[in-house]
Amino acid sequence: MRLFVGLGNPGTKYQGNRHNIGFMVVDEIARRHGFAPWRRRFQGEASEGTLDRERVIVLKPATYMNNSGNAVQDAVQFFKLKEADVVVFHDEIELPPAKVRVKVGGGIAGHNGLRSISAHIGNDYRRVRLGVGHPGVKELVHAHVLNDFARSERSWVEALVDTVAENAALLVAAKDSAFQNKVHLAMQAKGFADNGGEDKQN
């Protein structure tokens, strides 16, 4: 069994924010793969389905980003999951737009959603880091992630969300390198190759 967690803030005010790309991804995973209707559970919204013959719960915490760990802990305890069973999809400013990297454990690079999850369940869960780019200076980061994607960005955002959802079964099977590869090649084929910049996070 796997728990897929999309990070974001609840409500229409935030739904187009860069910080909410995790919500966008799990919404598309549930839609594309015919998961059950969303319902209120675990201090958030949850849906359930099957990927790669494995039961998968997708969760969108309704606790706001800074308290995401409360919802994740509820689900982990209910299903008696290990950290390795948890996959968190989140925005990553230290990656260029449209770039995706998967990592296990490590630093949180100031991401309050990850900080909360690590405080509640430990640090050795898997993270799917969805590049949204950096505004250039630290002082602009808060506004950058809490602003909507620009109109000019929407085409690559839609392509990335679709591509990640399409290949989500590889994450269930813990084939993280294959997942990264598939997403990269698919985005290239769609004309949205990342800029090749190396990530700055451990």
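Just so it is clear, glycine is given a Cβ too, placed from its N, Cα and C backbone atoms.
Feature annotation from Swiss-Prot assigns site 'Discriminates between blocked and unblocked aminoacyl-tRNA' to Asn9. Residues within less than 8 Å, Cβ to Cβ, of Asn9 (site 'Discriminates between blocked and unblocked aminoacyl-tRNA') and separated from it by at least 6 positions along the same chain comprise Asn17, His19, Asn20, Tyr64, Met65.
The tRNA binding site feature in Swiss-Prot is assigned to Tyr14, Tyr64, Asn66, Asn112. Asn112 (tRNA binding site) falls within a helix when secondary structure is assigned with DSSP. Within 10 Å of the C-beta of Asn112 (tRNA binding site) there are 17 other C-beta atoms, taking all protein chains into account.
A 10 Å cutoff on Cβ-Cβ distances gives His19 (active site, proton acceptor) a total of 23 other Cβ atoms nearby, all chains included. What Swiss-Prot lists as active site, proton acceptor is His19, and the listing cites sequence analysis.
Look at Swiss-Prot and you will find Asp91 tagged as site 'Stabilizes the basic form of H active site to accept a proton', backed by sequence analysis. Cβ neighbour count for Asp91 (site 'Stabilizes the basic form of H active site to accept a proton') (all protein chains, 10 Å cutoff from its Cβ): 24.
The CA atom of Asn66 (tRNA binding site) is located 14 Å away from the CA atom of Asp91 (site 'Stabilizes the basic form of H active site to accept a proton'). The Cβ of Tyr14 (tRNA binding site) lies under 8 Å from the Cβ of Gly8, Asn20, Leu146, each of which sits 6+ residues away along the same chain. In this structure, the C-alpha atom of Asp91 (site 'Stabilizes the basic form of H active site to accept a proton') lies 11 angstrom from that of Asn112 (tRNA binding site). According to DSSP, Asp91 (site 'Stabilizes the basic form of H active site to accept a proton') is assigned to a strand segment. Highlighted in sequence order, Asn9, His19, Thr63, Met65, Asn67, Ser68, Gly113 have their Cβ within 8 Å of the centre of the Cβ atoms of Tyr14, Tyr64, Asn66, Asn112, the residues recorded for tRNA, and are not part of that set.
Once Cβ contacts within 10 Å are tallied over all protein chains shown, the binding-site residues Tyr64, Asn66 are led by Tyr64.
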